[in-house]
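Data block below; observations after.
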């Protein structure tokens, strides 16, 4: 974990990664998010915790769920929200991300929610930020997507309870290119998940030690046996080299989640997907829209999680 994430007293200063985040901090964020969700604060009314605080969503990559979710979260805490669009900004004239941040900081912005295509870009911006400015990583390259990891854990707690010690979780698909998978793996380990299984083509599994301690395999049907939760991952075609997957049809045949396959998992196994979903590739319509799908619950939990993070960092 980057040392700049916590201050000298161990308090969260930025949220850049879930790797190495203390278990107590992780649980505090999840507990607070659960309180917000259960109190329906995220759906009705408006709080004034961040009144007078300016928050900017600084996105250098496209996003629907994450950006909208952060905007709503900040707005519902009473913040003034700015939405930065790289396509219409001075970055098209050559301005660096660092200069963009420093200029917005000079205008009084104190919270930055940053998405960037490059690994480590958000950490570099955090290093350049002034005292009292907080950065939240909304996804950088393949590295991390900490709030997605948090909302996935909140969704698992909601579906399966807070004790993860006997939980069997299967992460399926393009793990190699997935920042979500990395954040989920760090969180599951910190929370003491009983068994983490990782399944996908060899060409889409990382070889950097990330899967240490996991049960790894290519036989999806075998990996499903007795699973309590399935985390289906999107094929990150925008980050892939050609030829890693022979065809989408073959991928679906080997790794697509169908109702027949889901029946192999544990009774009432929860199905998660970070979105956007490639229907008919990693998951069928029947499963995505079925009774065991937690996809929309994940989206709803995202607002509560991001409110909890913003409140913790800026409140």
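Think of each number as a place in line: the chain as shown, counted from 1.
Even glycines carry a Cβ here, placed using N, Cα and C.
Since the structure is predicted, the reported quantities are computational estimates derived from the model, not experimental observations.
Record features (Swiss-Prot):
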BINDING   65, 66, 115, 145, 148, 275, 276  carbamoyl phosphate binding site
BINDING   93, 179, 234  L-aspartate binding site
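Sitting within 8 Å of the Cβ centre of 65, 66, 115, 145, 148, 275, 276, and not among those site residues for carbamoyl phosphate, are the Cβ atoms of 63, 64, 138, 139, 180, 274. If you measure from the Cα atom of residue 179 (L-aspartate binding site) to that of residue 145 (carbamoyl phosphate binding site), you get 6 Å. A straight line from the CA of residue 148 (carbamoyl phosphate binding site) to the CA of residue 234 (L-aspartate binding site) spans 14 Å. Of all the binding-site residues listed here (65, 115, 145, 179, 234), it is 65 whose C-beta has the fewest other C-beta atoms within 10 angstroms. Residue 234 (L-aspartate binding site) is 7 Å away from residue 275 (carbamoyl phosphate binding site) when you measure Cα to Cα. A straight line from the CA of residue 65 (carbamoyl phosphate binding site) to the CA of residue 234 (L-aspartate binding site) spans 15 Å. Residue 234 (L-aspartate binding site) and residue 276 (carbamoyl phosphate binding site) are 7 Å apart (CA-CA, integer value). Here the binding-site residues are 275, 276, and the one whose Cβ sees the fewest other Cβ atoms within 10 Å is 276. Working note on the binding-site residues 66, 148: by count of other C-beta atoms within 10 Å of each C-beta, 148 ranks first.
Mapped onto three states, the DSSP output places residue 275 (carbamoyl phosphate binding site) in coil. In the three-state DSSP scheme, residue 179 (L-aspartate binding site) falls into the helix class. The record assigns 65, 66, 115, 145, 148, 275, 276 to the carbamoyl phosphate binding site, and the maximum Cα to Cα distance across that set is 16 Å. In the three-state DSSP scheme, residue 145 (carbamoyl phosphate binding site) is classed as coil.
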